[in-house]
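Asker: The structure under discussion is supplied below as structure tokens; questions concerning it will follow.
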Amino acid sequence: MGRGWGFLFGLLGAVWLLSSGHGEEQPPETAAQRCFCQVSGYLDDCTCDVETIDRFNNYRLFPRLQKLLESDYFRYYKVNLKRPCPFWNDISQCGRRDCAVKPCQSDEVPDGIKSASYKYSEEANNLIEECEQAERLGAVDESLSEETQKAVLQWTKHDDSSDNFCEADDIQSPEAEYVDLLLNPERYTGYKGPDAWKIWNVIYEENCFKPQTIKRPLNPLASGQGTSEENTFYSWLEGLCVEKRAFYRLISGLHASINVHLSARYLLQETWLEKKWGHNITEFQQRFDGILTEGEGPRRLKNLYFLYLIELRALSKVLPFFERPDFQLFTGNKIQDEENKMLLLEILHEIKSFPLHFDENSFFAGDKKEAHKLKEDFRLHFRNISRIMDCVGCFKCRLWGKLQTQGLGTALKILFSEKLIANMPESGPSYEFHLTRQEIVSLFNAFGRISTSVKELENFRNLLQNIH
């Protein structure tokens, strides 16, 4: 009798467990969980967490930054898209309409931007005007003031400086043209396949301090890779010094950011009358879903946040350069220029207040000789990547690739110029540290792209929430 009652109670208990939900299988992960479950908490080599960045960027910074980037000073970027590829000759040009770039007509660009003196402060501009006037009057060099000669020499020296992390375009070249970035937005162009893979393969395989024996996960140009190769790669990566590991993560973060943009501004529908652009959830999942990418997607997104922190830190450190009274965002429209400078300083002070900035003091520490060599290797590798952008077969992709690598290169230049920035005079020309207009425009637009990516991650997270 006791056994019978025991069996009955056990059976009733099992029925109760099933009916109450206990013992049920867990519901399958949502698509949002597969893409974002690992994209949370603290970032490697940092004291900052993803959630703090999301709140700061999406609600305090993003709206004001977008307003600034829509202004004339930041929307016009001069670029040479016709420079030949320095590494190989067989470039396959993308023939799709969406790959094309529409340059500005001469009368579309404000005169203040086109003038040769836009790079410098008001006092420096006056010195250049003196130089230009002397040249127009046919005066000999001796007629220039000693101060002017010194300024011109210093600027020339700086523009050829070994502190630059990018090989910048010669904007005086007849092939360099102004492009309206708002009319040529970064979005999906259809440029993909072996030609696009080749660009990224050269960047990762030859410029990220990686030996050939170490295989990169999910390399589309390699075959037969598995879990062992992935484990070997990350064991190698973790064994690198912090500088080389950071270099790889910056490039991976930039790659991830670009892929977010392409997924967020995808050509969804095309008719004779219009094109419809929007979020392509499938495209995003193929690039970042933890299962579809064998765990790589979430890692790439965390590297995007790392890139965000690096550029955010650079902007916080360069504030004194823009605070100088004679610095202008000069376009020729005095009222607009003053308003834009106020907005710029407001944004930079907001960035300065960010509580968990990346600490770059761990970079290039230790033995001075070794640190100097490592910094030079770091600079040359990144400079080489900026040259690879001239090999991109899609002109729209080339435009944004050149701008974003120059922007990141400018951020690195700022991070490693702390003493020069601290020693700048409060007014007058800054001989030791200055930024050209090209560097300023690329710096803020590049950060604007990363800021947009972080904002778009919130949009994709919401879109994927109910998809399994």
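Heads up, the Cβ atoms here are built off N, Cα and C, so glycines get one too.
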Asker: So Cys85 is in a disulfide according to Swiss-Prot. Which of these is its partner: Cys208, Cys241, Cys391?
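Answerer: Between Cys85 and one of Cys208, Cys241, Cys391, Swiss-Prot records a disulfide, namely with Cys391.
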Asker: Look through Ser145, Ser228 and state which residue has the annotation phosphoserine in Swiss-Prot.
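Answerer: Checking Swiss-Prot against Ser145, Ser228, the phosphoserine entry points to Ser145.
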Asker: Could you check Swiss-Prot and say which of Ser106, Ser223, Ser427 is marked as phosphoserine?
Answerer: Ser106
Asker: Neighbour count first, Cβ atoms within 10 Å, every protein chain included; then name which of Cys46, Cys104, Cys391, Cys394 tops the list of disulfide-bonded residues.
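Answerer: That would be Cys394, with the highest Cβ count within 10 Å.
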Asker: Among the recorded positions Ser106, Asn280, whose Cβ has the fewest other Cβ atoms within 10 Å?
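Answerer: Comparing Cβ neighbours within 10 Å for the recorded positions Ser106, Asn280, Ser106 has the fewest.
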Asker: Measure the Cβ-based neighbour count of Thr189 (FAD binding site), defined as the other Cβ atoms within 10 Å of its Cβ.
Answerer: 20
Asker: Go through Cys35, Cys48, Cys94, Cys208, Cys241, our disulfide-bonded residues, and report the one whose Cβ sees the most other Cβ atoms within 10 Å.
Answerer: Cys35
Asker: Helix, strand or coil: which one is Cys241 (disulfide bond) in, per DSSP?
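Answerer: The residue in question, Cys241 (disulfide bond), is coil (DSSP, three-state).
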Asker: Of Cys35, Cys46, Cys208, Asn280, Cys391, Cys394, which recorded positions come within 10 Å of Thr189 (FAD binding site), going by C-alpha to C-alpha distance?
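Answerer: So the list is Cys394.
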Asker: Can you tell me how spread out the FAD site is, meaning the largest CA to CA distance among Arg187, Thr189, Trp200, Ser252, His255, Arg287, Arg300, in Å?
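Answerer: Maximum Cα-Cα distance: 22 Å.
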